[in-house]
Amino acid sequence: MENEEKREYLAKSRSNSRNFLNDSIESKNIFGVDKKSEPNLKQSIDGGLNFSTTSSYNPSNLPRTSVFVSARNLSSTVGHGKNEKKILTDLNFFLKPGSMVLLLGSPGCGKTSLMNTLALLTSNEKITGNLLFNGKTGDPNTHHRHVSYVVQDDFHMAPLTVRDTFKFSADCQSGDKSEKERIEIVDNVLDFLDLKHVQNTVVGDEFLRGISGGQKKRVTIGVELVKESNLLLMDEPTNGLDSSISLEMLTKIKNKVQQEKMSCLISLLQPGLEITKLFDYLMIMNQGQMSYFGPMNQAIGYFEGLGFKFPKHHNPAEFFQEIVDEPELYCGIDDGSSDGGSGDSGSSSGGSNYNYNFKNKASSTMMMMNNNNKIIPPLKGSDEFAMAYRKSIIYKHILEYIDSHIPDEEERSKFIDYSTTLKPYSTGFGRQLSLNVKRGFKLFLGNKASIRLRLLKNVIIGFILGTLYWKLDTTQADGSNRSGLLFFSLLTFVFGGFGSISVFFDQRQVFYSERAWKYYNTITYFLSMIVTDLPMSIVEVLIFSNFVYWMTGLNKTWDRFIYFFLTCLVCDVMSLSIIRSVCSFTKTKYAASAISPAVVSPFILMCGYMKHSNEIPGWWIWLYWISPIHYGFEGLLLNEHSGLDYHCSPDELMPPSFLPTFNTSYPVGFEGNQVCPITKGEQILDSIGFHTEFYYRWVDLAIISAFTLLFWLITLVCMKFLVFRVYRKDPVGIKKSKPNKTTTLIKMNRNSTDSTTTNNSMNYFNNKHNKKQNDDSDSGEEMESVDVDVKSSGKANLRKDIPIGCYMQWKDLVYEVDVKKDGKNQRLRLLNGINGYVKPGMLVALMGPSGAGKSTLLDVLANRKTGGHTKGQILINGQERTKYFTRTSAYVEQMDILTPVSTVREVILFSAKNRLPNSVPIQEKEEFVDNILETLNLLKIQHSLIGDVESGLSLSQRKRVNMGIELASDPQLLFLDEPTSGLDSSAALKVMNLIKKIASSGRSVICTIHQPSTTIFKKFDHLLLLKRGGETVYFGPTGTNSKIVLNYFAERGLICDPFKNPADFILDVTEDIIEIIQPPQTLPTSTSNENNNNNNNNNNNNNNNNNNNNNNNNNNNNGNTSDTLNNNNKKNLESSLSSSSISFDPVESFKESKENQKLLSIVENSIMPVGTPVAVYHGKYSSTIKTQFIELLKRSWKGGIRRVDTIRTRVGRSFVLGLVIGTLFLRLDKEQNDVFNRISFLFFSLMFGGMAGLSIIPTVSTERGVFYREQASGMYRVWIYYLTFVLSDLPFVIITSYAYVIPVYFLTGLSLSNHGWDFFYHSFISVMLYLNFGLTSIAFATSLPVEEMAFLLNGVLLSVTSLFAGFMIPPPSMPAAWKWAFYLDFISYPLKAFLITEFKDMEFVCTDNKGAIPIPIPSQNTTKFFCPITHGTQVLDRIDYKISFQYWDILIMASFTFALLVGGYLSLKFIRYQNK
């Protein structure tokens, strides 16, 4: 936003506020309605608030584009019979063009379900009642054309820029507009959302750096606004935005709604007063039922009519949300003006001040109390509120209004045509395909790291193959090598397909969203995937083919090269189609990564190389015919061997000359005669069982293409009809846990001085020793106003020898990052000369607009920055920060990264056991955790699994669990980053009550917060306010009811409106351009000073009974006083608003202020009083190695066994494949062909182990985020974490291995000599192999930034290790330059061990000359058959395997295991991709 636009906007906002305040003061009601006069309810319903464009709604007068929504008895259920569950129950409401409806309710109340119902995006729900749009039911095929639905989740294509994201949405949803109009729409939305300056920045994700979280939320809004639809639905659109940006954005939306006559429903979590005033109607939901729907200006009066009391100057949105959840809070409220506490209550016309006092039974007929002196509210529970609303006059008028405004047939024609004549898609098929292809190429080109890696992979593998099979000859050995080379070429592309798993799942949620809104037909998106993949596939195959084909000396004709290229290309595309088809019908990437190898493995096995077609049993021959790889392999062999003549080198002639009977006369010997077994390439094809007709290669290519089309079709069908998740779940019907006595007391008895001792669970955070905290003598009364409550409690602090809080100060703090500008490396300063401090008992708020550096400063103070350059001084208890800092502090991150397979209690207890000193008994640690659970209201869900964001705990619960994990360390210094982000006002207040209590217990607390309500802001006693650029606008105490901070700005001519949230006001001050108002130097407050108010309040507390007895008189007097004060406020405010304005620099003003001078004098010296005890640490970690090892092992093991689906998939996959292999090679005999069969299936077992190892990558990626957080907190040693993770997975590795080995070993009839020892030896080698492959996957997953790269490199490694294992090309045939690769290949050693065990004592025969080579005897005019292999040692000698190395192989494999362990540990310890 430019300077002039900002000035104009601020002026306009100030003018609106001025007009609104004048009206409000005159009527003595913040919503502009005089409570003393009964308004015309029908007129309020018809006109709404601030909807002055039409005095009454007349459908025939509205433009054609308007949509009037009406709902009558709208209900929604899921399930059937006993499992039926109500989602929405008998909702009656309307959405009127030109008006905005605010939807409030706690998480799980049904807000998202209602939004989905209005958008016609329900799937399994049964909808009853009437839902009409302009009097007609919505057509699911065309309804989306008129609806813009902003969902909670920010699903975007990370590599796309902001402009490209908006442009794609506009192109797909506004096809009826010209290109120029669409560009203009995108430009307008970019300006509308203030995203113009980042329009060419990628959206990004956790691994691709892009725009900020708040900007990403605005992008989510923008992709719907470019649609320019008639019905606007927004589900919590302000999450992650600060209050000033939220207000600015919603004000613009309000203007847009009024100007364009849109119908609008918006759900919000913590709306401030200014935001609430923008809405015309209010809808409150609770457990799927409607507690209120009606005009905003009637809501307070409605609830007061039910017996509740709205506190004076309280935020209405908080009142509306809390009253249905915790009605006890608003029963029997003394709306006087006494001040009962520091910041929680008090009286001042300049802020939203209120005071909870309990009246006795005689003083109010509205309040009832039970025998335990607990307040009984007039209404409680969703059923009672819904029933009361249905009996209200408002409900009656709402129904009348809905029924009277359903248009007749004539009027319906003037509205949007909802008939099926409207096309579902705004663009044609060709246009959709063009847009998707264009975006696909942008996405592809945006992932440069993947492009480089894929190209490099093909260069490296192509070079390896070219040099390994350099200039193949036409000898017998090279004939076999040609077949092995061609088989491996296919494997290279098959394994490369695994890299697409993560990409598919990364983009699937975006596709689901766009498919639901009919951006395009599914087939166009599907075709665009194929089209955008094809160029890269062509380049990859071209590079690979040129290296392999010409370097190895394959059949050197251009037509055969072209066929080789085409076959490899089609096989590459086909393998990708197989993997994508698996991904399309699996729910998670965990399942896809486990199932994909199981699908691909039989196709590899049945291709004809490992098991010749003429040897496949009849019950599996169908698998041979449906294996697409078989046709690719057959085509390549036809292309290579057809017409090729082979010869024998002297040592390849049969029988060999060293045979004892070689020169013996017939019939004993061969009389010196020899033959060359294979002289024509067709002989090789015939021996395998392949076609020998040269033309058939094109048939094979056509069949591969047909299989590719089949897998494409499977993928398309699944993508079109399957949906695993589109929107966040909204679990209505789950009863919300009732606030415990402690929490209720904290909220209700805010002015009680002994509330600390009332709360047993909170007391646990108080110090056992009744010490009074010392204040710094130089701080002065204004600079130090912390009231530390450290009363003794019945429960001792865990660390009796350690102070409960600590002293932290920072001076001239500067933080810079390296950036590149104009091709030069420069440093960008994010923090500039920040000063401040925190003491025990202080709760400091870090505030500022987006980009001010709040989180950056918190990360610097908490020592969480992993990059950049920090300057300045940070002292902890007067000393430089040491490596033991993590033992003193705790950091609650904004992102709730938690272990999904652990329970709530387990994660908190885990933190306590690892972060509390080992000297604390286990029983005390568990009691400590119990009290944390009680304090955080988590007892009812303590044994619930955390789960993921979609199916696990709610956002509020996850926030509290995250806090509990850090509180379990019993920290002296607590950092919190946006602890209320994403919470509704009730949940946010609960969290802040806890944080305030923690600070009051004597701890030092620093907290960033971006959108605090008035009530929440008053919880903070100190404020550090930053502006964009990381400069200080204010540091100091806030004062009672924010008096000190507001007076600071008032002295500079900046007056906070009496009804404005002080937090919003001070954020406005941080704008680059601000206007100040002169000459007022103080706030327009009560004529009596605050000390008198405090004294009066104390007297009121001391004489509570007298006050209660005279309550009615006091209320009357308070009403007169309120009128007088409001008149004074109005005069002062009008005088100030009419004054002149000048420019103001908040940073320079603070630098020159006395507050800054006092701050500098404090931070110049140590703020810690002399003689204060300081904890002394002797180690970085609180717990011992033994404790860490046991706790980590327990957690990892529980996490493993709770991933039931993963275990079933891993074990089931191995067992099923074991049965397939076992029955395919059933009861192997000792014939000549069984020699190769034994070798091939043993080699395949190794390959399968490598593919099975891929399934652990998603798990490692998920756990890596948790590890980063815990490691930064200093919970445990890295090597213990890594070792226990591996050990906990070892049993599953063993089970998985045995699930494959047992059926294979006994079904195939492998050796059982030495009393079965060979079986156990084989099993042990298999377990070691599976373990090594798993360790390799872990190393890749921890050392690479994204899963795609981990899958891709795993495929490369599997290809290379398979190549050098000794099966594709025997060691004697390897060039000398590549022999080292054979010895470094960890697959070669288990293959060697398998073969030595199997062949060392085995004899082979040629029954009925089967497999024997006929040797002509010319002298006798006959033929004698030669059996090539009669003993297994011949096989071992031919491949140069020594029997004596059988057990050395185990040691070598163990050394590989150790090396992989070390490599994984080093990557986990030193490589970080979540940099701050």
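Glycine is no exception: its Cβ is also placed from the backbone N, Cα and C atoms.
Under DSSP, G105 (ATP 1 binding site) is assigned to coil, being neither helix nor strand in the three-state scheme. The Cβ of G105 (ATP 1 binding site) has 28 neighbouring Cβ atoms from other residues within 10 Å, across all protein chains displayed. Residues or ranges marked as ATP 1 binding site by Swiss-Prot: G105, S106, P107, G108, C109, G110, K111, T112.
Here Swiss-Prot flags G848, P849, S850, G851, A852, G853, K854, S855 as ATP 2 binding site. Long-range Cβ neighbours of G848 (ATP 2 binding site) (same chain, at least 6 residues apart, Cβ-Cβ under 8 Å): K854, L1025, L1026, K1027, R1028, V1033, L1067, T1070.
Marked as compositional bias 'Low complexity' by Swiss-Prot: 749-761 (among others).
Per Swiss-Prot, the feature compositional bias 'Acidic residues' maps to 776-786.
According to Swiss-Prot, the feature compositional bias 'Low complexity' maps to 1086-1141 (among others).
Positions annotated as domain 'ABC transporter 1' by Swiss-Prot, on the basis of sequence analysis: 69-312.
The annotation domain 'ABC transmembrane type-2 1' is assigned in Swiss-Prot to 445-722.
Looking at the domain 'ABC transporter 2' (814-1053) alone, the prediction's average pLDDT is 89. Feature annotation from Swiss-Prot assigns domain 'ABC transporter 2' to 814-1053.
Swiss-Prot lists 1201-1471 with the feature domain 'ABC transmembrane type-2 2'.
Under the heading region 'Disordered', Swiss-Prot lists 743-786 (among others).
Taken from Swiss-Prot, the feature region 'Disordered' applies to 1081-1141 (among others).
Positions annotated as transmembrane segment by Swiss-Prot, on the basis of sequence analysis: 455-475 (among others). Panel annotation: around the transmembrane segment (455-475), residues 481-482, 485, 488-489, 492, 496, 539-541, 543-548, 550-554, 644-649, 652, 1352, 1356, 1359-1360, 1363, 1369, 1374-1375, 1377-1378 of the same chain, lying at least six beyond its termini, place a Cβ under 8 Å from a Cβ of the stretch.
Counting same-chain residues at least six beyond the ends of the transmembrane segment (485-505), those with a Cβ under 8 angstroms from any Cβ of the stretch are 454, 457, 461, 465, 469, 472, 540-541, 544, 548, 552, 554, 568, 571-572, 575-576, 578-580, 583-584, 588-589, 592-593, 596-597, 600, 603-604, 607, 609, 629, 632-633, 636-637, 640, 1254, 1346-1352, 1354-1356, 1358-1359, 1362-1363, 1368. Annotation comment: Swiss-Prot describes 485-505 (among others) as transmembrane segment.
Taking Cβ pairs closer than 8 Å, the transmembrane segment (523-543) reaches residues 429, 432-433, 436-437, 439-441, 443-444, 451, 454-455, 457-459, 462, 493, 496, 511, 514-515, 565, 568-569, 572-573, 576, 580, 712, 715-716, 719-720 in its own chain, all 6 or more past its ends. Taken from Swiss-Prot, the feature transmembrane segment covers 523-543 (among others), and the record attributes it to sequence analysis.
Residues or ranges marked as transmembrane segment in Swiss-Prot: 561-581 (among others).
Annotation comment: Swiss-Prot describes 618-638 (among others) as transmembrane segment, evidence class sequence analysis.
Taking the Cβ of S855 (ATP 2 binding site) as reference, residues of its chain lying under 8 Å away and at least six apart in sequence are, in sequence order, Q894, D977, E978, T1008.
G110 (ATP 1 binding site) sits 36 Å from G853 (ATP 2 binding site), counting Cα to Cα.
In this structure the alpha carbons, written CA, of C109 (ATP 1 binding site) and A852 (ATP 2 binding site) are 35 Å apart. Once Cβ contacts within 10 Å are tallied over all protein chains shown, the binding-site residues P107, G108, G110, G851 are led by G110. Considering other CB atoms within 10 Å as the measure, the emptiest surroundings among the binding-site residues P849, G853 are those of P849. Annotation: C109 carries the greatest number of neighbouring Cβ atoms among the binding-site residues C109, A852 [cut-off 10 Å, Cβ to Cβ].
Cα of K111 (ATP 1 binding site) to Cα of G853 (ATP 2 binding site): a span of 33 Å. With a threshold of 8 Å between CB atoms, the same-chain residues lying at least 6 positions outside the transmembrane segment (1448-1468) that come near it are 1267, 1278-1279, 1281-1283, 1286, 1324-1325, 1328-1329, 1331-1332, 1335-1336, 1338-1339, 1342-1343, 1386, 1389-1390, 1392-1393, 1396. Here the transmembrane segment (1239-1259) has Cβ contacts under 8 Å with residues 498, 588-590, 593-594, 596-597, 600-601, 604-605, 609-611, 1203, 1206, 1209-1210, 1213-1214, 1217, 1221, 1224-1225, 1289, 1296-1297, 1300-1301, 1304, 1308, 1326, 1329-1330, 1333-1334, 1336-1338, 1340-1341, 1347, 1350-1351, 1354, 1357-1358, 1361-1362, 1365, 1367, 1387, 1390-1391, 1394-1395, 1398, 1435 of the same chain, all six or more residues outside its ends. When the alpha carbons of P849 (ATP 2 binding site) and T112 (ATP 1 binding site) are compared, the span between them is 29 angstrom. Reduced to three states, the DSSP call for S855 (ATP 2 binding site) is helix. G108 (ATP 1 binding site) and G853 (ATP 2 binding site) have their C-alpha atoms 33 Å apart, to the nearest angstrom. Taking S850, G851, A852, G853 as the binding-site residues under consideration, the smallest Cα distance to S106 (ATP 1 binding site) is found for S850. Within 8 Å of the centroid of the Cβ atoms of G848, P849, S850, G851, A852, G853, K854, S855, where the record puts ATP 2, the same chain has further Cβ atoms from D242, T856, H1010, L1026, R1028, G1030.
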